[in-house]
Ligand SMILES: [Zn+2]
């Protein structure tokens, strides 16, 4: 089963899924840029309606506490638009971890995530469907990030919730998997984020070879890396037989990313990236695998945990 903000659904109900997005977010405390605040609920609704119109049916919303998570807004949006929304428990990375958790050890992180998984987020009664996005810095795992990841792994193994990560510019993906699995978290319960930002192919392949999922989840952010390079890497990974381990998304976090502000909007994978893959010869069955089948497996809560 998959846990959405409106309740549990069967994996086959998920439909076309964006695996790593943000609807309500506020990173301005750290980034000092009002563009990194998304708080216009009507605007979120319109963007989601556009996503739905383009074929999108579900979205994993990985904004956690410290980033501006608002589970009640997600619940209202899901009801209004019919898009399945999955919310999260977790913390992001240094320096986005809220002050109250700033010196926690792994066991405290784990207890907190397990409490939210069992009882819901604050007093909303809304259950998280994923632990994330939990992350590391660029080429560096800070001590607090290490505790956070271990805590996420313990909670994931205990609750069956998948763990989705943030890597900074794609770095340390392999190290994250090593650390998480060492705590007893099954490797197929791990989604390593932002792997499309790492131009070092050997490093990304080393993550794929562990059996973990990887996310190509910054599609359209051509300022970081041109989509043409994403297409090239993706084709190579598919040719090597890794098509069952890859998820797609756009990771929008800014007002300027929204359609109404002249940005590409949440449907950009469907509107502009999938046509590029088709043109490059990727079959419809592989596209279905990437957009529907893989997320339905990756975000299923593991039984018997
Ligand atoms: Zn993100």
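Placed from the backbone N, Cα and C atoms, the Cβ positions cover glycine too.
The divalent metal cation 1 binding site annotation in TrEMBL covers 20, 22, 133, 251. Over all protein chains present, the Cβ of residue 20 (divalent metal cation 1 binding site) has 28 other Cβ atoms lying within 10 Å.
Within the same chain, residues at least six positions away from residue 166 (divalent metal cation 2 binding site) with a Cβ under 8 Å of its Cβ are 92, 93, 132, 133, 134, 135, 136, 193, 194. Residues or ranges marked as divalent metal cation 2 binding site by TrEMBL: 133, 166, 194.
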## Note on the structure
Cβ proximity for residue 251 (divalent metal cation 1 binding site), under 8 A, sequence spacing 6+, ordered by residue number, returns 20, 21, 22, 194, 217, 218, 221
## Note on the structure
Cβ atoms other than its own within 10 Å of the Cβ of residue 22 (divalent metal cation 1 binding site), all chains, total 25
### Task
Determine, from DSSP, whether residue 20 (divalent metal cation 1 binding site) sits in helix, strand or coil.
strand
## Note on the structure
According to DSSP, residue 166 (divalent metal cation 2 binding site) sits in strand
### Task
For the recorded divalent metal cation 2 site, whose residues are 133, 166, 194, find every other residue on that chain with a C-beta no more than 8 angstroms from the centre of their C-beta atoms, and list them by sequence position.
20, 62, 92, 132, 134, 135, 164, 165, 167, 168, 193, 215, 217, 251
